[in-house]
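J.: According to TrEMBL, the protein has these features:
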- A:22-39: transmembrane segment (TRANSMEM)
- A:60-82: transmembrane segment (TRANSMEM)
- A:112-130: transmembrane segment (TRANSMEM)
- A:136-155: transmembrane segment (TRANSMEM)
- A:184-205: transmembrane segment (TRANSMEM)
- A:232-252: transmembrane segment (TRANSMEM)
- A:273-302: transmembrane segment (TRANSMEM)
- A:308-332: transmembrane segment (TRANSMEM)
Amino acid sequence: MSIPASRSSTAVRMVTGLFHQPYVWAIVALILLLIVNLTKNPGYLGVSVNPATGNLSGNVIDILRASAPIMMIAVGMTLVIATRGIDLSVGSVMAVAGAVSMEFMNNTGTGSFGTAIVAVLLALGISAVLGTLNGILVSIVGLQPFITTLVMMLAGRGLAKVITSGQNTSATNESFRWIANGTFLGFPVVFVIAVLIVAVLAALVRRTALGLMIESIGINPKAARMAGIRPVGILVSVYIVSAVLAGVAGIFSTASVMTVEVAKTGMTAEMDAILAVVIGGTSLAGGKFSLTGSIIGALLIATLDKTIVYMSIPSSATPAFKAIVIVIICLLQSPRVRSMFNRRRTRVIIAEKETVQA
Amino acid sequence: MAPTTRFRAFTGLALAGTLAFSLVACSSGSDEPAASGDDGGELTTVGFVAVGPEGGWRTANEQNIQDAFSTENGFDLKYAPSSNGDQNSQITAFTSFIDEGVDAILLSATEATGWEDVLNRAQEAEIPVVLLDRGIEPNDESLYTSRIAPDNVGISASAAEWANEQFPDGANYVVLEGPPGLSVVNDRNKGWDEAVSDNLVKLESQSANWSTEEAKSVFETMLKANGNDIQLVFAQNDEMGLGAALAVEEAGLTPGTDVKIITIDGTQAALEALAAGRLSFVAEYNPLFGEDAIEVVNAALAGEDVESSIVVPSTTFDSPEAATAALPDRQY
Amino acid sequence: MATTAPAVTEPIVEMENISIEFPGVKALQNVNFRLFPGEVHTLMGENGAGKSTLIKALTGVYKIDSGTITVGGVQRRFAGTADAQNAGISTVYQEVNLCDNLTVGENVMLGHEIRGPIGINWRKTHEAAHEALIRLGLGDLDPRQPLSSISLALQQLVAISRAMVTDSTVLILDEPTSSLDANEVEGLFTVIRRLRDEGVAILFVSHFLDQVYAISDRLTVLRNGIVVGEHQTAELSRNQLISEMIGKDVETLNSLGSHRSRVVHSGGAPFYSAKDLTRKGSIEPVDIEVHAGEVVGLAGLLGSGRTELGRLIYGADKPDSGVVTIDGKTTDVTSPVGALAQKIAFSTENRRDEGIVGDLTVRENLVLAVQARRGWARPLSRKEQAAICDKYLTELNVRPADPERTVKNLSGGNQQKVLLGRWLATQPELLILDEPTRGIDVGAKAEIQETIVALADDGMSVIFISSELEEVVRLSERIIVLKDRRKIGEIVNGPLVTAESIVDLIASEGIVS
């Protein structure tokens, strides 16, 4: 901060700027996790072409692929949380989307490209309907987001079971399978799609005034209303966006194994999404949000999951391990701990100055 | 080696046979009271605290129970699936069955621990409780009437013996477990670990939560972590085995050749995969024991002694041909 | 028997040089306050004058920055209400905080139940409760009936008995009469007098003048966090009291000229007019007209309906009925969105809760209303935003003039300027300002007043709401006087009109009714 702008290079400013971002500790944790993996195998980050399939292969690729669905729901969750809401139904919506697409492809039986397109549209359509319901209940009826989406979480999973008659349903469709397992220019298609969707969404939110309005509603709903912002449209939109992105995540998940597991698909996904958002530095109290932070949060969670397996951490210890890592990150991000660090840093700087003067 | 395994499998079957016979004997003895119940036109009310949709095996099992305890057979079955495997919802259902005063309760516990209180209450209310499939821990046999289940320990031991046979010169293997803490998981681990030979090296054991999707993701990383040097996967259910098969294919390897996959349960999807050569060994965990359950409930209501543990006979499928032969008759 | 005259004895509570500062606001400055045993002492003051801050300082809710509190001759520093209660200071708030699902007796005795050899002796507990009720003349009340079965007024009395069970020597009643009818108020006053005669010191807060004169022996008047007077009630006229509450800010007076010397509006059709604008429970039918270039003041005490009328015009609250004409066309304004579309802007008195969006930057706060009117799909370009920031940060002299600073870190006065800038950026034709100068320093106040005059000179219509009558008189061409949610008069400003004229109008109305 004290460095005069004229003397600091752009790179230095970028780095210091980064250090003021709330998600800096998530990045640090991400790097640490990668280092931990590197200690087990120095070739961990290597990416090679698999001779048998011709695709890029490597742990990084796996992480990118695994992070795609989390990214989708985390980005949607970020917008909802920014408006002081929460969407607990994303996991169930994933299951519904998966169930609809699998059931449709299973029944039509043709493995054609057209079938896959219709399946995707059906899945996204029903997700949008569920999201609209959430949005209307929250914004117009005025129910609490927690309760509304909790009900939707239970109802959604029920709906998925009704659609598939309670069965895990599989289907065969190469185009649909390609979404989760194919590669585009060597990169996993899921990741490419996820990045594209996030880019479009980020542009939509930050290049228009949508982000400003969402933040205003989240920080001070009364003031936002007095300033002439209509909250209903924006609230309904964020719940729709969240649900549709959950639908995309559901397609990613089920396309990966071409099976919807009604009791498993998207199970506890809402927790991953909320964690990614919090790790990314968006406050659960709403207001200022960071899509970049949530994406880093999603990458971190995917990396954490993969590290647990890679490092052969015993399965009974995995929940505890995951919890510890996340608690530490959240602690480091809490304003109080951050201010403690800052005070310490200033003190060090002052001390340094004093020594120089002396 | 091979003859011993076959011998053991045979004794297993023989034992199961005797058991089935003794059950029949039992039921013939209990004909009188059951019949008298029917005369009065009264249905026996049975509460079924179930797991609910979880996978192909569970669906087949619970459907079989519901079919068996039909009105024609003199029962009024109240089916209470858990909400997404939540134990609390099961305990709530259990308690309300006690309060309703049902004649008997069937319980498939989602979690092994924490059942003492409600089981004691059932005992005070003199309602016999029959555990189906899942056991409880600590396994206090005085708390329930009987447990009917295929023998998890025996089944995974038979899988281990097949593995020993396949890899006489040793191999690296990994285990895909169900959620930690379940009695099934503990039993399947126990049977495997006791029977597997020392020259098979366990590289890693991870939970994939019974899920195909998770198993695919977990095994993909396991392959990377071990430089594809894994010859055998012991998947504790069919779904996870299918996920592992997908990961193998994704890595450009051939299941059955490069990596052999063992699964437990024997659902139709698994047998199809076995017939196609994507899985190598499927041990059946027989879900069809509705009839056995009826026998036990009737015997208990008649005040007769019931075996505290009843093992449901199961078979194994070790070749595509065996799978193809079994598929047409597969009910689940 | 104690006398009703203030005791010549030592005060039971003595607060000296109390100061409390919140970010951007000096809530209390060197306040001295004394409370004697056996007196009813009223705290008077407008909203934000510091009444509730003073009470919270006394009961340990707020920490004082400086000063001393002496209770019963001992210097104290309370860490919380429980601490204060142990020292004999009890508070009964306007929302009764008792347990609905318990009986009257249980509520009275909660935490002081009488214990027998095995647990609580409920019979004796209820007997004790009955005695406590008799002490307040509530012998008819059955301590065994559930609290929820008695009226709110009786519940308030139960709350007072509960306070007395703890042997309180000081009883604070914070706006206890706001939801009671006349008979209930009389019942409450009987109880208060009884306690006073027993030697309890009672601190009473109310903004109903008649009640204050009926019950209190002495009163202390606060304005802007400063004590402006301590009086025997009998020796202070209503007019004097109102002028003290509303005050004359000498410095501000000096910084600006006297009355506006401008010629009154050109007499044509008004820009805005409303007939019989009503909202039930908020304000009774009001007529109001505002011409282009005219400043219309709304004057009245707290709770008179001055803020409610402003909100109704803006559509922040939806009117039940009334005919609104804007620029010659009959129309409806039922929401802020609608108001902004018709070029009406409203700056709230509640800057923190309804005004600024604290975590956003100055720039984002400035452009918010303009952006809302354009809709989310048509964002203002960086350049347009910079233009708005440049213009209003300079014109309104916002310090620091940094558009990227988080607005909550600015002082109250500068936050107010940012808000004003937000509304001006929408280029309104009618600007409603509710207490735009409250709680900000004198310099900023003068600047805002000058801005208002300049805006009207440029042809904007302004409705100016303030609790400071001097300010209203100085700035407005016409003044609408409100009392008890009614319009009681309209004064055309002129050289003979002073704050006193308005005070007279309000005071005389009160006595007649």
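For all residues, glycine too, the Cβ spot is worked out from N, Cα and C.
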J.: Is the transmembrane segment (A:22-39) close to the transmembrane segment (A:112-130), in the sense of at least 3 CB pairs under 8 angstroms with a sequence gap of 6 or more?
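T.: Touching, no - the transmembrane segment (A:112-130) and the transmembrane segment (A:22-39) miss the threshold of 3 or more Cβ pairs under 8 Å.
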J.: By a Cβ-Cβ criterion of under 8 Å, what residues six or more beyond either terminus of the transmembrane segment (A:22-39) are in contact with it?
T.: 45, 59, 279-282, 290, 292-293, 296-297, 299-300, 303-304, 307, 310-311, 325, 328-329, 332-333
J.: Can the transmembrane segment (A:232-252) be said to touch the transmembrane segment (A:60-82) if we require at least 3 CB pairs below 8 Å and skip pairs under 6 apart in sequence?
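T.: Contact criterion met.
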J.: Considering only the recorded stretches A:136-155, A:184-205, A:273-302, A:308-332, state which has the highest number of Cβ pairs under 8 Å to the transmembrane segment (A:60-82).
T.: A:273-302
J.: Determine which residues of the chain contact the transmembrane segment (A:184-205) at the Cβ level, with the cut-off under 8 Å and only residues 6 or more beyond its ends counted.
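T.: Distant contacts of the transmembrane segment (A:184-205): 49, 55-56, 61, 64-65, 67-69, 71-72, 75, 79, 178, 211, 214, 241, 245, 248, 252, 256, 291, 295.
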J.: Who are the chain neighbours of the transmembrane segment (A:308-332) in space, where the CB to CB distance is under 8 Å and they lie at least 6 residues beyond its ends?
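T.: Here the qualifying positions are 25-26, 29, 33, 36-37, 40, 44, 59, 275, 278-279, 300, 338.
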